[in-house]
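Colleague: Pasting in a structure now, in C-alpha cells, and then I'll have a few things to ask.
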Amino acid sequence: MELDDASRHGFGRMGFGCKHYRRRCRIRAPCCNDVFHCRHCHNESTKDGHELDRHAVESVICLVCDTEQPVAQVCYNCGVCMGEYFCSACKFFDDDVDREHFHCQDCGICRVGGKDNFFHCEKCGSCYSVSLRDKHCCIENSMKNNCPICYEYLFDSLRETSVLRCGHTMHLQCFHEMLKHDKFSCPICSMPIFDMDKFLRALDAEIEANMLHIDYMGKGWIVCNDCRDTTQVYARVAGHKCCHCQSHNTCRVAAPVLPA
C-alpha cells in the first residue's frame with residue numbers, strides 16, 4: 001500500500017544515523033568527495049587530520065531511497081524528511097528534536113539545549129547558559145581553544161563545557177575528573193576553582209599556631225596565582241601568603257633581576 005504524504009514524510013524517523021546524530025541522510029564531504037553520516041564521522045576517520053567544513057557541504061544521500069541530491073530537508077525523490085531539525089546554514093540534520101537545537105547567528109553554528117536557555121557573550125565569543133549572564137569572568141574567545149585536560153577543541157565540541165571562576169573553560173567531564181584527582185585550581189592560570197576563603201582562614205590559624213618563627217629560612221620571593229603580584233616574604237616550609245591580596249595560592253619563584 002502506498003504511503004500518504006504525512007506517513008512518507010515521517011518514515012524511518014529515529015531509525016537511521018550514527019553515534020553522533022539520528023538522521024535519514026548521509027553527507028558528501030566536498031574536501032575528499034567521500035560519503036559519511038556526519039562531519040564528526042568524517043573527522044574521526046581521516047588519516048591526515050583534515051576536518052570537514054560544515055558550511056561547504058553541497059549534496060546529501062537519502063538513506064531511505066539512496067538518492068543523491070542538493071542539501072534540503074525533504075528528499076525530492078521519496079518525500080521523506082531527512083531530519084526533523086534542519087539548518088540550511090550549517091547543512092545540519094537531526095531527528096532527535098528533544099535536544100532542542102537552535103542556530104546562533106553570532107557563533108555561526110547550531111547548538112543544543114534550547115535558545116531561551118542561552119545567551120551569546122560577545123567577548124568570550126560563544127553561547128553560555130543564562131545563569132552565567134553578568135556572573136562570569138570574560139576572556140576573549142575563551143571557548144575557541146582546546147580543553148586544557150583532553151585537548152579537544154571546545155567551541156564546537158559535542159560534550160558539555162564548564163566555565164571556571166577565572167573565565168577559562170574545559171569540558172564538564174574533564175572538570176569532574178580533575179576534582180577526582182584532588183586538583184582544585186585552573187590548569188591554565190592556577191586560580192582556585194572554588195571559593196577558598198574558609199580553607200585559607202583555617203590555614204592562617206594553623207600557621208599562626210604551629211609555625212611561628214620555627215621554620216623561617218630567611219626571605220624569598222613568591223608569585224600569587226590570584227592577583228599575579230610578586231612579593232618578598234619570610235620563607236616557610238609551607239603557607240606563603242601574598243602581601244597584596246592575602247591569598248595562600250602562591251608559589252616560590254626566583255628573585256627578580258633588577259636592571260643594572
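Cβ atoms are placed via backbone N, Cα and C, with glycine included.
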Colleague: Which one of His40, His42 goes with Cys31, Cys32, His50 at the Zn(2+) 2 site, as Swiss-Prot has it?
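Modeller: That Zn(2+) 2 site, as Swiss-Prot gives it, pairs Cys31, Cys32, His50 with His42.
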Colleague: So Swiss-Prot lists Cys87, Cys90, His103 for Zn(2+) 4; which of Cys81, Cys110 goes with them?
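Modeller: Same Zn(2+) 4 site in Swiss-Prot: Cys110.
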Colleague: Mind tallying the zinc finger (147-190) by DSSP state, helix then strand then coil?
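Modeller: For the zinc finger (147-190), the helix, strand and coil counts are 9 helix, 8 strand, 27 coil.
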